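> Okay, these came from TrEMBL:
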- 33-170: domain 'Glycolipid transfer protein' (DOMAIN)
């Protein structure tokens, strides 16, 4: 039972994003299914939990916003229609709106992508460099001094790379393939969500 796919979160994450990437890469891009997107993003939640106290804020925020999108997907079938509804109601930037939550979930996916990119090119067993770069690049510009300080302090409590891989039931070699799969498949999905915003002049830096 130890090798079952259910116990290998990295494989589940990579596979679900490969399905989304196929939609994102269509020309013109297809209308991405809101439920499929939300379920794929919910698979990523476990990673934030495994990163410990440094990313506790991200885990809580990310999980809450993914849950909102999952709930919304019961009544709104695609991501473009979700955004359009908020535009019509003039609630795009309202706290708690699905569009605002979508932007924050996209940021969480972006952070994991950068983390994996850095893990793939960093020697040694420490995650500090990879996690610090990912945080600085994606989250830090949107956080105040207090959160940035708390994250910096929490970086000392990060698991080692081998500890993280053990929690994910992967060895270095098998994990490498899954990290690469996620980096490759998440890129067009991130771009797709960003295009949803920029094509409607909503901006993505708020």
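Cβ coordinates are placed from backbone N, Cα and C, and glycine is handled just like the others.
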> Could you tell me the mean pLDDT the prediction assigns to the domain 'Glycolipid transfer protein' (33-170)?
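Over the domain 'Glycolipid transfer protein' (33-170), the predicted model scores a mean pLDDT of 94.
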> For the domain 'Glycolipid transfer protein' (33-170), what does DSSP give as the number of helix, strand and coil residues?
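Split into helix, strand and coil, the domain 'Glycolipid transfer protein' (33-170) gives 107 helix, 2 strand, 29 coil.
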